[in-house]
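These come from Swiss-Prot:
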BINDING   28, 29, 30, 31, 32, 33, 34, 35  GTP binding site
COMPBIAS  224-233  compositional bias 'Acidic residues'
DOMAIN    223-385  domain 'W2'
REGION    144-179  region 'Disordered'
REGION    217-247  region 'Disordered'
């Protein structure tokens, strides 16, 4: 089944959170026409939400009655797949994504009629908008808790009976085997001597075998495990563009070598040009201290990255992603943008277009609003000056 990013606004093909592509099917005629969401149970599983919540959200969104019958979910009326997908995006935004980190790893916690998000990705707990009509339905129909206590108790209760049956079966098998064999012992002096020699030989062999097992096997097993770990570690390092670039940076390459590496990474992972530059920024800036230092000292390298196709957009998206992952950088985002602007790496047009059209993180947008206001004011003043000069001439 084809899959799509849970956040459809994220174009990164390596985005880890996926769900099935929504499938709709129109049934009936006239007043009885309805649209069936064929794979809603699978989508609900991918989102870790009750399918009834999604159906109810569609009912509210389209102002149409929903129907649930034998795990078949439908909405009265005829709707295109794109319209259903857009409504699903709204549901995901309001009732799945964490309001802090924007990852879909949340669960509902209902306390005294108030629903809160608990995010497994960032650990934050926060309330959701209780004004939406769906919240009252969720409170009345809370998520089903999966309890393992009953199944555990049943298993414990069955253990004595299972053990008893095993013992009974083993005893029966032993009795059957004994019935089929006739045992006798040669009591002659020669036979007794041979049995004695064989017993001594078997004991010696067993001791030697045990010593060999103790001294050799753990060492070879350990070496084998170490080799496996090294192979797995190497595979993980190259599993995504950022890791691939980070590994290459450990060789201290020249700027031109890094540019060539970015070209090969783009081809290897099938990235857009802006996504490649974004990955480069993420790899080059590993923490808040390095990020600020990097912006101030690596102007030449940043200019080279900016000259790549869509490189300026990639730089902005990269710093946005860094701020989303590390909130300590949020207080420095305006200074970072100012340095990039003053150094001629980014222009007013680049920054304003990113801010108004491409930026996705509300936290980052809010954090740099003062700088954007200053930039827009400066742009207006510059336009006024140009108009005055034209009037004078």
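The backbone N, Cα and C atoms fix where each Cβ goes, and this holds for glycine too.
In the structure shown, the C-beta of 28 has more C-beta neighbours within 10 angstroms than that of any other entry among the binding-site residues 28, 30, 32. Look at the Cβ of each of the binding-site residues 31, 35 and count the other Cβ atoms within 10 Å; the largest number goes with 35. The sparsest Cβ neighbourhood within 10 Å, among the listed binding-site residues (29, 34), is found at 29. Confidence annotation: the domain 'W2' (223-385) carries a mean pLDDT of 84 in the model.
Counting Cβ atoms from all protein chains shown, residue 33 (GTP binding site) has 12 others lying within 10 Å of its own Cβ.
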